[in-house]
Amino acid sequence: MATHHVEEEDKQNDAQVNALRHSSDSDDEEEEYEDQNWDDWKDEDDAVEEQGLNPQLQCLFCDSPYGSCSSLFEHCSSAHFFDFYGIKKAYNLDFYKCFKLINYVRSQVAVNKCWSCGMICMSKEELQKHLHKAVSFDLSSFPWDDDRYLNPFLQDDSLLYSFGEDDEDEEGDIMIDDTKELASYMSQFEHIDIQVEGASDRCAPELIIPCENGGKGAVLSFDKDLNAAKPLANTNNVAGGLSPYRSRKNEAFTVPSTNIATNEIRKINKSYFSSYSSFGIHRDMISDKVRTDAYRQAISENPSLLRNAVVMDVGCGTGILSLFAAQAGASRVIAVEASDKMAAVATQIVKDNSLLRNGISSDGSQQDGVIEVVQGMVEELDNADHIQPQSMDVLLSEWMGYCLLYESMLTSVLFARDKWLKPGGAILPDTATMFVAGFGRGATSIPFWENVYGFNMSCIGQEVVEDAARVPIVDVIDNCNIVTTTKVLQNFDLVTMQPKQMDFTAEVELEPKLVVPLNNPTGSKLEITWCYGLVLWFETGFTERFCREKPVVLSTSPYDPSTHWSQTILTFREPIAMASNSGGDKLAEVGTNDCPAVKIQSRISIVRASQHRSIDISMELTGIGSDRRKRNWPAQFFNLN
């Protein structure tokens, strides 16, 4: 039908030209007419071409127009906290998911709704003030991952046909970006299905794909795999053939992303484990008396658990915990270490202490030891035929990182539990608990800068505090600077938990400490306390479930002796005034000196970041006044890497 339509148009054009020629009185008039019309057509073509080369791209959040995608997205990042390229890389977004993302954001902004957290604002101005950096999304379900967002939200939205052009200038292929593929690979540990769009049985929609010249190109229909996209019609015939978007890179779509991601994650893991080749790190950990004594007591002072047991030590390092287990009477200890160097060092240490299984001493005699060191990640021990699945009596590991979950080694411990531990076997430690409390001014650097050899340098202190509101700080806090009650943030049972439970959101209510001077008259107004942020710490338990003779608790609390883990500090953008019982000024904002909050509701989310072994933390605060009025502060986001 399209061919028939073109033939009819050609006939009409021929008839019009013949009529013009018959009506001409002379050759000169005919030539003049044709010259005039040629100039008109040329002007129109130039105008269309100029419009195509310089499209007006409208900002996703305001009415500002831009002439290029790069300038538009730079504006969105700096003015509206929307980092398109960062999100694209972090979540492995291909062309179609980016297409959906743009339409999704436009649809949310149109109803004054935050595209990231979903908060509904009363006006466009309020939305502009509320916008913040993107929260971490579930890799299995993006809010824009809906086929309805394949339909342009704005009619003639030039951005939809231009945003991919900048990819041509990027070095390498965007489809195999390390971080994105890493996120895809990590999700497999939780059996999350992140297949591309079109995987359902229903028919996928048609989509116009831009050509390399920026104009509209071919209409594609999709089979169950993006690689099976087929051109249905060429809407812009370039040099007589189809010029598909990113034609030079189409081969990249056929590369198995899991294979690429496997190589990338191994590369990152190699770098991570190599960092533990430094003896200084191991000295710091072994010198941490709280840490090492807790493990030694749990292992050595529970003879009924370790005697004649088969033990696996995940991430053995120098082998100190394996040595404790052998000393406690274990019949066999498998010390697993991913670092090549440290595996060799641990083997030598075990050999030097005559505990190497089937080893040969320096004098040539046979060692009758119980420890064997296995080099490799615990997830990759399938080729170790001498280690049978579900054959371990005890699973031992010192896996904790800053803020408990940093380094994400817990996933390896849970894998080892499911693969190698006997049913009913022991895991040490078997519990972990995270705590949170508010800290005061004394825990910041403000007091230091207020008096430097008699000089006031408080401007530096204020700037340091403002910078601290952007990144988490790992440091030791004196318990005298804890100004609120302490609450449990999250509990983990390592015997039953699943890897997905490492990502969580918890809500707690913090109240000011009831510290009243002895000379404070009864009924007088209590002194206002300023809360400058939240501090997180953890403890792990070697509980009576397995350690019947000697239960042990390893604590990183500011109320206990300090450890190499310190505490994790999240600083507020502005301090919040608190008081235990104060009416306050009902016209003043909650959390100020005139109306201190009696409680701070804190909503904290901690999730594994797309960057391997890092964690993302979000913090949402609500101050509650004595008259129950509430005040919300903008969410804050931190990345611990």
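Here the Cβ of each residue, glycine as well, is placed from N, Cα and C on the backbone.
Caution: TrEMBL annotation is automatic and unverified by curators.
According to TrEMBL, the features are:
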- 26-41: compositional bias 'Acidic residues' (COMPBIAS)
- 88-116: domain 'Protein arginine N-methyltransferase 3-like C2H2 zinc finger' (DOMAIN)
- 311-425: domain 'Methyltransferase' (DOMAIN)
- 430-580: domain 'Protein arginine N-methyltransferase' (DOMAIN)
- 1-41: region 'Disordered' (REGION)
Averaged pLDDT score, the domain 'Protein arginine N-methyltransferase 3-like C2H2 zinc finger' (88-116): 89
Secondary structure composition of the domain 'Methyltransferase' (311-425) [DSSP: H/G/I, E/B, coil]: 35 helix, 36 strand, 44 coil
DSSP-assigned states of the domain 'Protein arginine N-methyltransferase 3-like C2H2 zinc finger' (88-116) in counts, ordered helix, strand, coil: 19 helix, 1 strand, 9 coil
